[in-house]
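Residues or ranges marked as substrate binding site in Swiss-Prot (evidence: similarity to another entry): Gly58, Val59, Gly60, Val61, Tyr62, Glu219, Cys265, Glu307. Annotation comment: Swiss-Prot describes 116-120, His179, Arg223, 274-278, 302-307 as ATP binding site, evidence class sequence analysis. Residues or ranges marked as domain 'Phosphagen kinase N-terminal' in Swiss-Prot: 3-85. Look at Swiss-Prot and you will find 113-349 tagged as domain 'Phosphagen kinase C-terminal'.
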Amino acid sequence: MADLAELWEKVSSNKDSKSLLKKHLTKEVYEKLKDKKTKFGGTLADCIRSGAKNLDSGVGVYASDPEAYTVFQDLLGPVILDYHKITELKHPACDFGDLSNLGFGDFDPSGDWIVSTRVRVGRSHASFGFPPTLNKEQRVEMQRVTQGALEGLTGELKGKYYPLEGMTPDVQKQLTEDHFLFNDSDRFLKAASGYDDWPTGRGIFFNDNKTFLVWVNEEDHIRIISMQKGGDLAAVYKRLVGGIKELEKKLEFARLPNLGYLTFCPSNLGTTLRASVHIKIPKVAKKPEFKEICDKLNLQARGIHGEHTESVGGVYDISNKRRMGLSEIEAIQEMRKGVEEIIKLEKAA
């Protein structure tokens, strides 16, 4: 309790924090939740630790485990509504659309604008906690279960699993050059126990073509990524959905009817789907109203090296903004229409 009282003191006494934690963890909510515990052993302290230690956080709240979304709903509910800009905690059933009739293919057959296309989702095991409530043995066990499912993949998805622990320098160098490797450098995740027991239990799986990639125990239990050079969104999306469906046969993923798929950070909930292109748009990006254009199309633009980075040579990472309150196929269609509009504007500029 001393730990929690200290964290609460940090958050409540800070006048400058703009985080959603600061905004929604009122004295009343704190008093109501401070003694509660999830079946995974998760506490309010686990949920707010990162935001209290990093008062410049945007969100500042992580879920201690899948059950935290129910037990600590008085804090997490308002944070979710606020972050996702929705009016009620409601999410449709999972719907990937009719894969044989998507109505779209390659955005950019000429190859003039789109450098690469990528779609990812996050998934959590229903029976394991999130980083704050896991111990070393559980991390190892979760990796074992996930690795078993991944190594059973066949056809185009067939590949190899590389644990981070004991990885040779050669493999490490190759994966870093491929931009496949994740590291332990995010201070927000670190404060949220995201890197406890690092690198135990973490690893990377990818297929022979390096177009299907799975991160194990990075931020989320599982991040499934499909990607390739060029603009063939349909091929990338179908591969991703195929991979998800195969893994679902062997693993049970955490989901709530009103929130969709559960993730460690409430910002990824819902479809958890982020569809993005690296796209050359030097002219549109120079327009003073560029951000406004993206907002109107429900797109997010950032530099190609991830969040908070600048563009290199007019190449931007453009992705769908909305994760909650719409289905997977709706999220993909929204991104497709938005990117088509951006290409049209670039051509006309």
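Any Cβ shown, glycine's included, is placed from N, Cα and C.
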Pairwise CA distance, Gly58 (substrate binding site) versus Arg302 (ATP binding site), rounded so that it is a whole Å: 16
When distances run from the Cα of Cys265 (substrate binding site) to each of the binding-site residues Ser116, Val119, Arg223, Ser276, Arg302, the nearest one: Arg223
Those binding-site residues listed as Arg223, Arg302, and which of them has the most Cβ atoms within 10 Å of its own Cβ: Arg223
Which of Ser116, Ser276, the listed binding-site residues, has fewest other Cβ atoms within 10 Å: Ser116
Residue among binding-site residues Val59, Val61, Tyr62, Glu219 with Cα closest to the Cα of Ser116 (ATP binding site): Glu219
Spatial separation of Val119 (ATP binding site) from Tyr62 (substrate binding site) - C-alpha basis, Å: 23
Cβ neighbour count (within 10 Å, all chains shown) around Gly58 (substrate binding site): 13
When distances run from the Cα of Val119 (ATP binding site) to each of the binding-site residues Val59, Gly60, Val61, Glu219, the nearest one: Glu219
